[in-house]
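Residues or ranges marked as disulfide bond by TrEMBL: Cys239-Cys256, Cys569-Cys586, Cys770-Cys797, Cys1024-Cys1051. Sequence annotations record features per position, and here TrEMBL assigns domain 'CUB' to 179-295, 508-624, 770-894, 1024-1150. According to TrEMBL, the feature domain 'Fibronectin type-II' maps to 342-397. If you look up TrEMBL, you'll see 1191-1215 marked as transmembrane segment.
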Amino acid sequence: YCGTRKLAILPICTTAIDIQYKTSSPPNLFYKGFKLYFEWIPKPIDLVCPGTSPATTMTSVNTTLPIWAQNLQISPIFSAHVCLGSSITLQCPRDSDYVLSIVQSMYGVTATGLCGNPSPADCLQEASLGLTCAQSCYIGYYIPKPLVQCQSKNADYILIDYQCIPMRLPNNDNTIDICNSTIANTIALDTVMMMISPQYPTLDGVHNCSKTIEASRNKRWMISIVDLFLEEQSHIGDCDVSSLTIVDEKDQVVMCGLRQPELVMVTYGNIVEFKFISTHQALGYRGFKVYAETIMNLSNVTISTMTTTTAATTRRTSPPITTFLPVSLQIPVYGGTTTNNGTRQYCKFPFIYQGNPQSNCLTVDPPIPAPGEGLQEPWCSLTSNFDTDGEWGFCDLRVTDATVYDICRSQSQLLSCPSGYVIDIITSDYATKPDGNIGAGACAYDKNDCFQSDSSTIQNTCAGRLSCMVYHFAKTLATCENRPSAYLHIGYTCVPNNITSITTYNLCDNSSLPQMNTSRGFITSPNFPTTPSNIDCTFNLQTLKPYEDIYLYILDMDLNSPNLIGQSCTKDRFIVSSDNNVMEMCGRSYTNFLLSTCHSSVLLQLIRASDARGRGVKLYFEFRGRSPQDICPEIIATSSTLQPTPPTGLTTMPEPSQSIGPSPHYFTTLCFPDISSLFGRNNFQCQTNYILVILRAVYGRGSRCDYSPGDCTSEADNVYRLCSGKQKCSVPFLNPVTLPECNGVTASYLFVEYQCLPTPTIVSNTADLCTGQISDFNGTSGILQSTSYPSYTQTQCANATLSSLDGSNLVMHMYLIDLSISASDPHTGECLNDYLELSYQCNHIAYTRRLCGTRSTELLFRTCLPTDKIFASYNLLGNDSQSQRGFALLYHLVPRDSVPTIKTTTASTTTTLTSSGIGAVSTPIQLSTICVQKSLSLRCDQPGYVLVLHKIQLGVSTTASCNYSLDDCFEDYTSFYNNCTGTTMCDIFSPLTQIASCNNSQSNYLYTEHQCIPAITKLDLDICSSAGSIQIVTDSTIISSLNYTSEEKECKVELRTNSLLPSQTQRGFKVYILTLNLPIEHSQDSQCDPDDPSIEIDDPESGLTRLCGDSHTRFLFETCSNTIEIRYKNTLMNTTAVEYKGFEIYVESIENDECRLINTIDTTYASVGLTSTTTVIRDFNTTISTPNLPLIIGLSVGLSVPIVLGAILGLIYYIKVVMPKKKVFISNAARNEIPMTAK
């Protein structure tokens, strides 16, 4: 091994290894050396480690060299597989003239569990072996590898696709020095080319030079890296120190660092430019060597075979079953000699036709005419040599299948489409492991990881492009407890965009609609991309055959945006009507899937004002057949539009206020098929002057119509696109949605978590980001915006620092409300002229986000500590001020201990407002205010959760307003404790009444504090069935004894927090009563009698809590102790006349870095609304009694006898009277709420 490596080495089947280290190159400050990690693992009994492994080579001494090797050309892509318990050596012929390139490696599991030839029915998972090969590669597979994506089965083989790349030119032709000034800057070549950096293989000096290579018009270039070793990219992924850039007519690749031999580009045209930059002297780097050869360009329908993302089958003459190329880079085929066994087949590129290599679908000389009158479909070969094999099929020019990648930290991945296609991002999620691991083994998809969508960033960068390099920028995930990202989960398809054989239809011309043989097409606004203004036209897209569905994609949309975020479209409106649902759009949109419908018609309408600007609209549609057994719901005609009930919260239209901030988190689940869109309903809605921010949206499939841990899910990107930044929206869910992460099963539900954010028009705390300070504002929320927002003004802000309030326990949530500035560079994806940059700290690590273009609402990040600072800067230097607005951010300060966190969930799945853990836990406490004579609805949206009321008060405002203030006068509204707690939903009416404790003033509003706790957990324990056990509580548990029966019994269980969880904070418990209904013989005014059935909760920090009688669902206490004991004592009682429920105690493991490691006294919490008798015995500090008694007596004797007598009498009184009374209990003599008092 040499060079730079960050991947795991294959397991070694041996009992001993020798490691030799040798260095001979000159010193270099940029080299770090090496660091290895090793593990001993058990060896299966039936596994025999090999001795000397036989080398399997591709050619032998006496074997005739293939034509491509004789001519020193790049080889086809070959495949080899290694069975478990064997090894192989891959080798190129003429090993001094070729370098071996690993295209792709995959683990495979067969259906039989036996190793055989790879089959399309096998389950495959990317191996990411990270092999470093030169002229040969040894690969051994001896240690079984379990595959997460294949139900944890051991892989039966490793499949390796590889290729041989020439290291020199035929006839020893000269290479081109990119910086040689004696050679022309533009060079005409028509066959092969080799280019190197100055003085390769050593690199010195400063360089900035380029060369352009031009071939014949009917050819294109296929470019490969033979060797590249330059300085690494910066921490933000830029190759700003040293780089090689390859520029094509429609694409660009920028490379730096260490790159293995690989095919990096197949050009669109015949001209390609190479640019080399080295900014300073650096020892130890080699520079680069590039090989390129031309291929024929006979058709406009082409495919780029990028080896960074591709693989292929072994070269052979028999008909292939399938290929192992990523499906987004493949062209499906039909007809011809394709088999009809239900297995999809694809074109094989490159292939030999009439003696020449072809990398395109051909429109000339099809072996037989295409099916259908008047059709002339392009065709391709199914094998690498059509001349000898004769296997072929017609190219199916449709949207490709999805390809999914997991990109490791600081790594990149090239997304690429066939020529004439563009990228459509279907999912883009950063993922973090439950334990925060980012090291070895962390870069692997697991459905139990925590995911956070980053679709807007990737879509702005890649959507609509032929190819795109995606980088994994290390970041913390706000919805995953601020844990660092372990990998980036990317899924994409390719959509036709510029294919001459696909017909284009004019959106304003209904006289040329699709005809009977049409299966796909483009729809564009008139004269796109120079669409005129003053238009109002419609286009009725209808299916032409029975049992067809319509799939509609936006390829490009450039229309006028609304003047303000959250407002409706004005100058431009693109309206799509389908399934009785109407979507109205404007502004700019990247390439994305718009809708699918099983109904026969979609109505499109474009309305443009006389002063409208922008290129217009371009769409792509497909008609796809469906089974006659699939039922399509009927559209329900309605005379009136049903409107959904808006989320609970403020019910009156707010005026500009200092206290206005984000709403609580709301959850909505749509079950398939959801017919609400047939009534024109809005699935998601905020009140006036509030807009939607989508926190999580996933399609999922499980045992019921709601998200549950373990469900298979996939990101619902269309929800972000349709709803973000709008006051209300409707998302149709009438048609099946397949889940690519779940082997293509269809989703049974759509789960969405969202908030409502105030628009700048109603927030009085507003300031320029560059000059405003949070400490100057009142309240906990405010708007930080660009100068003159919502108008665009050229401005530069070099540096601004934001922080929470000094001395507070508040952390900051930062939301993006609106961003409308210049877009990123179309070639590099970098934000240049216009950008907003925010750097923040989390656990003493700095993270940076640079934004540009047009983006909707999103949660950008949360700080971790009250002392964390945010550094902001922005640059607005664009010239398109009429169509841009600048930006607006919303900050929100919240107590650190109430920051919503997430439990571990499946891929791309929903965020639940819970504490850390892997099971159900309580939601954060939510605050609500409602004006008098109005109703407030409290509800728990998560299935199996019930309400807990912490506070409910009628307030008398000092300003006669309906806004909560600590300066107001309050009286507890006790009757609803029993009515609401323990239920899933409760409506509370806020009465207009006189408040006796507030000088008989009339109430102005009702104020509540509530949360939801689970009534079912993963660890539900019957205390007597688990008696005497020690239980580790990772997230939560319910300790219970239900269906009470009278008997003599004592049971106990000890609970401990999970000390193995990675955390720098102290763990403790929160304890709640879920159910308490036990018999009691004496008055409820007194304490728990020893003869009554009771529960004791023994907490080493807080003391003993005893429960008996009845109680509604309520919070008991929070402790910093990592262990508690719950004891249940039952007694014989006469209960024949009454049935008692028993009890359920809910206990939740929590993290709290403010927990003290010593016992302290905390009597500040006043519990409310009880119908039980609770005795709490606290362990007060007793150091003044027994330990100091001799000293006290000695001093007393020394002073006087009376003092001694007084001390003795006082001590006796303390022991006999005070200590037995030193208890805290709660009763309900006259009213339902009695504060906690000491007696």
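Note: Cβ is positioned from N, Cα and C throughout, glycine not excepted.
Of the candidate ranges 179-295, 342-397, 508-624, 1024-1150, 508-624 has the most C-beta pairs within less than 8 angstroms of the domain 'CUB' (770-894).
Here the C-alpha separation of Cys1051 (disulfide bond) and Cys586 (disulfide bond) works out to 66 Å. For the domain 'CUB' (1024-1150), the model gives a mean pLDDT of 81. Looking only at Cα atoms, Cys239 (disulfide bond) sits nearest to Cys797 among the disulfide-bonded residues Cys569, Cys770, Cys797. When secondary structure is read from DSSP and collapsed to three states, Cys239 (disulfide bond) falls in the coil class.
In sequence order, Leu230, Glu231, Glu232, Gln233, Cys239, Val241, Ser242, Ser243, Leu244 are the residues near Cys256 (disulfide bond), counting only same-chain partners six or more apart with C-beta under 8 A. Between the CA atoms of Cys797 (disulfide bond) and Cys586 (disulfide bond) there is a gap of 30 Å. Over all protein chains present, the Cβ of Cys797 (disulfide bond) has 18 other Cβ atoms lying within 10 Å. Local packing around the disulfide-bonded residues Cys569, Cys586, Cys1024 was summarised as the count of other Cβ atoms within 10 Å of each Cβ; on this measure the leading residue is Cys586. Cα to Cα, Cys770 (disulfide bond) and Cys569 (disulfide bond) are separated by 30 Å.
Annotated pair Cys569 (disulfide bond) and Cys1024 (disulfide bond), C-alpha to C-alpha distance, rounded: 64 Å. Between the CA atoms of Cys586 (disulfide bond) and Cys1024 (disulfide bond) there is a gap of 64 Å, rounded to the nearest whole number. Residue counts for the domain 'Fibronectin type-II' (342-397) under DSSP, helix first, then strand, then coil, are 4 helix, 17 strand, 35 coil.
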